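If you look up TrEMBL, you'll see 1-91 marked as domain 'Cytochrome oxidase subunit II transmembrane region profile'. Residues annotated as transmembrane segment in TrEMBL: 20-43, 63-87. Among the features that TrEMBL reports, domain 'Cytochrome oxidase subunit II copper A binding' is placed at 92-225.
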Amino acid sequence: MATWSNFNLQNSASPLMEQIIFFHDHTLIILIMITILVGYLMINLFFNKYINRFLLDGQMIELIWTIIPTITLIFIALPSLRLLYLLDELNNPLITLKSIGHQWYWSYEYSDFNDVSFDSYMINYDKSNINNFRLLDVDNRIILPMNNQIRIMVTATDVIHSWTIPSLGVKIDANPGRLNQTNLFINRPGIFFGQCSEICGANHSFMPIMIESISIKNFINWINNYS
């Protein structure tokens, strides 16, 4: 989860988030190179003494500053397209989780199991309990097995919501009357936090999402003991 003075992206907990971070770093390097080059040229323009009253055109420099940005955009576009296809790929999911957005809480259904469903509300912050996270803790966590492909089906009952888990690289809109699909692959155990990232009403930021990643053995025990 995000911590104080953390200006970087959160540590990834899925292969997709790792790829997003790699693409972010790749693009940032290109932007830094462009910024340095443009800054250097602008500083030189302020201090040079070159004057040419009879300069009418410069076809070579026009050709250069048309081709170089085109090549630069290709270096950004190709990894971006690859990442978009990776985010949309879904192969043989182990389980399906249906997430339904309400004001101001989420409902979850494990479609592969009978009668496994619950509502997830934000709980009041208790300063005396160091295990509570302000505006992020919920009364019912999502329990998911790690190292398995998981399908997430997202919809809403009233207004547009957005199911977002930054450390897992997931952000998908929940639209009334529409069922959207995405996927998860959690590669380590832990607790991961997110929030609704849409702005469609008062208190709308206070719709936390809390995922607990456990081993497949413990997940089966949880399903068997669920009541």
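For all residues, glycine too, the Cβ spot is worked out from N, Cα and C.
Annotations in TrEMBL come from automatic prediction, not curation.
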TODO: Averaged across the domain 'Cytochrome oxidase subunit II copper A binding' (92-225), what pLDDT does the model get? Just tell me the whole number, please.
DONE: 89
Task: the domain 'Cytochrome oxidase subunit II transmembrane region profile' (1-91), counted residue by residue under DSSP: helix, strand, coil - done: 63 helix, 0 strand, 28 coil
